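Asks: Pasting a structure here, questions to come.
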Amino acid sequence: MRLAEVIVNRPAKQLNKPFTYEVPDALGVVPVGTRVAIPLGRGKEEGIIVGYVPETVSLNFTVKPILSVLDKTPWFTSEMLATAKRLSHYYLCSYPDALRLFTIDKKELKSYERPKVAWLYPEPFLTVESIPARKKRQREAVAYLLSVGGASYDMLKEQGFSLPIIKQVSELSGVRREEKYRHTYTNYDAREIPDIPLTTAQAKAYAPIHDAIIHRRFSSFLLHGVTGSGKTQVYIKAAAACVAENRIAVILVPEIMLTDQMVTRFVEAFGDEVVVFHSKLTISERYNNWERLRRKDSHIIIGARSAVFAPTDDIGLIVVDEEHDGSYKQEDMVRYHARQIALWRAESNSCPVILGSATPSIDSYYKAKKGIYTLLELPERIHHQPLPTVLLVDMKEELLHGNYSVFSDAMTDLIQRTLEKKEQMIMLLNRRGYSTFVMCRECGEPVNCPHCDVSLVYHRANEALRCHYCEYHAPVPEVCPKCGSRKIKFFGSGTQRVEEELAKRFPRARIARLDQDVAAKKGRGEDVLHGFAAGEYDILLGTQMVAKGHDFEGVTAVGILTADSVLNIPLYTAAERTFDLLTQAAGRAGRGKSEGHVVIQTYNPLHYAIIKSKAHDYKGFYKEEIEAREALGYPPCGEMIHFRMQHEKKDKAMQIATAIVEELSKVFDNDVEVLGPYEEGVNRVRNLYRISVMIRGDTLSDVKKYIYHSWIFTQDGLAIDVDPM
DNA sequence: TTCACCGTGTCT
DNA sequence: GACACGGTGAAG
């Protein structure tokens with residue numbers, strides 16, 4: 001009897017161990033990595049075979065047989081299984097949770113077969129006359145089939161044949177039925193992989209990458225290139241070398257929707273070698289894309305975070321573009337960082353990783369300095385355009401001068417000048433909605449969400465107050481819910497308010513707004529960006545998504561309304577994120593022929609993150625920031641794990657958090673610092689109270705090992721965040 | 001996660 | 001005594 005170790009694919013921490021099942025002889029050879037259907041309890045579940053055990057082991061339970069095999073070829077390679085295991089130990093999630101990251105999201109057990117479409121082909125002896133004349137529609141369908149030589153159900157339906165007619169035709173003796181993989185990806189012209197010219201600086205950076213690709217050697221490169229220095233060209237060159245090796249290139253971008261310039265560049269170069277992966281694809285499109293990669297019909301995958309889990313064991317290159325970007329960190333469920341997974345996968349696949357950024361994460365730059373990564377630099381913009389000039393405006397001074405508007409005089413000037421010159425401007429404001437809070441003038445009571453510990457935001461579109469943490473929304477109250485006063489006032493400006501203000505002050509300006517509210521509507525985000533690129537708007541106003549990696553030729557001006565919004569968040573990465581945001585936003589200006597101008601409004605004009613970004617001085621910023629981190633033991637000069645206990649009763653949450661603190665303090669007395677339990681800024685979301693615990697130490701691998709096998713690991717309502725941001 | 005089990009409490 | 005509810009533990 002063959003006994004297989006099976007991991008049950010279910011998100012329960014208690015199922016975090018292999019279960020033993022019998023593999024019936026009838027199923028033939030079932031390799032490790034294959035997904036199977038198994039009986040569990042009374043039900044049927046999906047499982048993954050991760051190993052075999054010798055028959056000789058004595059078992060103190062009865063084994064059940066595997067019901068059926070769900071993959072023709074194993075979905076998981078041994079590398080994928082190993083990486084998932086590594087992930088589960090590093091990020092403190094269950095093995096099934098880690099494995100699930102490599103699979104395609106599907107809720108039920110029904111169809112594991114990759115989606116196929118039925119095609120009908122006429123056999124040579126099939127004629128229209130062989131169908132009785134009164135079956136008119138069948139005759140027409142056969143005539144159509146003969147004329148095109150074969151058609152899918154969908155094509156027949158498009159021709160106006162009903163499903164019953166198609167079914168009848170498919171059962172005719174002269175018709176052959178064949179299943180084909182669905183073919184929904186865009187078909188680009190296949191073409192020769194072109195010669196990709198590089199500048200001297202690019203060629204210098206590329207040389208060691210090329211060497212690693214062709215020698216199939218793991219190495220990690222940090223490509224530090226100022227905005228507009230042509231990093232993408234280096235990626236394309238590297239991808240070409242990888243394709244020439246007949247290996248898969250994985251290109252990660254922070255948000256696929258907002259980075260389709262990258263996709264366009266790759267498709268221009270590689271045609272249908274490129275497969276794009278993002279969350280809006282249907283399941284059959286996903287299967288289809290993976291199938292193309294596995295069969296090496298395509299060699300390049302471009303995608304966001306989750307594309308790092310590409311199911312292939314022959315990766316020849318991984319690129320992490322804009323590697324500093326926070327969206328590479330998954331912030332719920334399994335809180336992995338795609339950059340870390342990329343490094344692990346590259347290591348097991350013996351291939352290079354390129355981490356590219358104009359503002360590398362402090363973590364990556366630190367590792368480059370220590371020699372863990374190889375540092376490659378592109379210090380100049382490609383056509384030697386100068387970096388934009390940056391003007392800092394101290395908003396305290398503006399207030400003293402009696403300017404209470406959201407636009408400083410300098411900002412107004414910049415807008416005016418840009419409009420006059422018929423050039424384009426990007427304006428950044430990190431707050432969406434209309435006004436950020438609503439308060440009663442009489443009693444000072446802010447209007448809060450009844451389920452969360454936050455104030456409601458007024459949204460103009462539907463005249464509603466909305467909670468940004470849950471789905472709660474309500475009409476604006478006419479009178480104060482507390483004292484009955486009618487003096488309800490709106491405070492704080494969001495993107496909607498500023499849009500209105502801009503329109504009022506500059507009535508001729510064509511303004512586009514881009515924030516979560518716009519981007520959430522399918523296709524709208526892309527429309528806005530395309531419209532702006534095409535020159536249909538003068539000003540693009542939005543939240544941080546307008547600052548990310550776009551290349552708009554016509555933009556000469558960038559305005560940042562509140563440089564401090566991120567700086568004031570109590571996070572150890574606040575300075576880093578501010579520097580990134582400002583530098584990236586400023587980098588959008590002056591990529592074409594004209595010089596760029598940037599105005600930054602701030603209440604902290606002396607903060608080093610702001611001063612250094614004004615000077616485009618990454619290294620200067622790094623130096624100050626790393627000193628601060630070293631002094632306090634923050635990453636990368638130490639490790640952290642954050643615990644968040646959620647419970648509907650506050651004291652219950654506190655009680656469990658306290659138990660965690662006590663346990664970890666007791667066991668790791670001298671090695672780590674345990675902070676908490678404490679409440680975060682927002683201490684209740686969706687009626688659940690949140691209590692946090694943070695631990696910090698030079699290295700936490702022993703702590704992780706301990707937690708993995710302790711009650712903390714399986715504690716209900718506890719979210720563990722390794723390397724929190 | 002899902003399901004059965006058990007103890008408790010409430011209603012008839 | 002019948003049933004509903006919530007907490008607990010096991011699943012091969």
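Cβ atoms are placed via backbone N, Cα and C, with glycine included.
Found this in TrEMBL, in case it helps:
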type: BINDING; residues: A:C440, A:C443, A:C480, A:C483; note: Zn(2+) 1 binding site
type: BINDING; residues: A:C449, A:C452, A:C467, A:C470; note: Zn(2+) 2 binding site
type: DOMAIN; residues: A:212-378; note: domain 'Helicase ATP-binding'
type: DOMAIN; residues: A:475-649; note: domain 'Helicase C-terminal'
Asks: Between the Cα atoms of A:C443 (Zn(2+) 1 binding site) and A:C449 (Zn(2+) 2 binding site), what distance do you get, rounded to the nearest Å?
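Replies: With distance taken Cα to Cα, A:C449 (Zn(2+) 2 binding site) is 18 Å from A:C443 (Zn(2+) 1 binding site).
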Asks: Going by Cα-Cα distance, pick out whichever of the binding-site residues A:C449, A:C452, A:C467, A:C470 is nearest to A:C480 (Zn(2+) 1 binding site).
Replies: A:C449
Asks: Radius 10 Å, atoms counted are CB only; among the binding-site residues A:C443, A:C467, which position scores highest?
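Replies: Per the Cβ count, the most surrounded site is A:C467.
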Asks: What number of additional C-beta atoms lies within 10 angstroms of the C-beta atom of A:C440 (Zn(2+) 1 binding site)?
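Replies: Excluding its own Cβ, A:C440 (Zn(2+) 1 binding site) sees 21 Cβ atoms within 10 Å.
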Asks: Pick the one among the binding-site residues A:C452, A:C470, A:C483 whose Cβ has the fewest other Cβ atoms within 10 Å in this structure.
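Replies: Relative to the other binding-site residues in A:C452, A:C470, A:C483, A:C483 has the fewest Cβ atoms within 10 Å.
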Asks: Cβ atoms within 10 Å, counted per site: which of A:C449, A:C480 has the most, among these binding-site residues?
Replies: A:C449
Asks: Reported as an integer number of Å, what is the Cα distance between A:C440 (Zn(2+) 1 binding site) and A:C449 (Zn(2+) 2 binding site)?
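Replies: A Cα-Cα distance of 15 Å.
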Asks: In the same chain, which residues outside the set A:C449, A:C452, A:C467, A:C470 have their CB within 8 A of the centroid of the CB atoms that define the Zn(2+) 2 site?
Replies: A:P450, A:H451, A:V454, A:L456, A:H468, A:Y469, A:E471, A:Y472, A:V685, A:R686
Asks: Please state whether DSSP places A:C440 (Zn(2+) 1 binding site) in a helix, a strand or coil.
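Replies: Reduced to three states, the DSSP call for A:C440 (Zn(2+) 1 binding site) is strand.
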Asks: Can you list, in sequence order, the residues of the same chain other than A:C440, A:C443, A:C480, A:C483 whose CB lies within 8 Å of the CB centroid of the Zn(2+) 1 site?
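Replies: Output for this site, in sequence order: A:R441, A:E442, A:G444, A:E445, A:P481, A:K482, A:G484, A:S485, A:K487.
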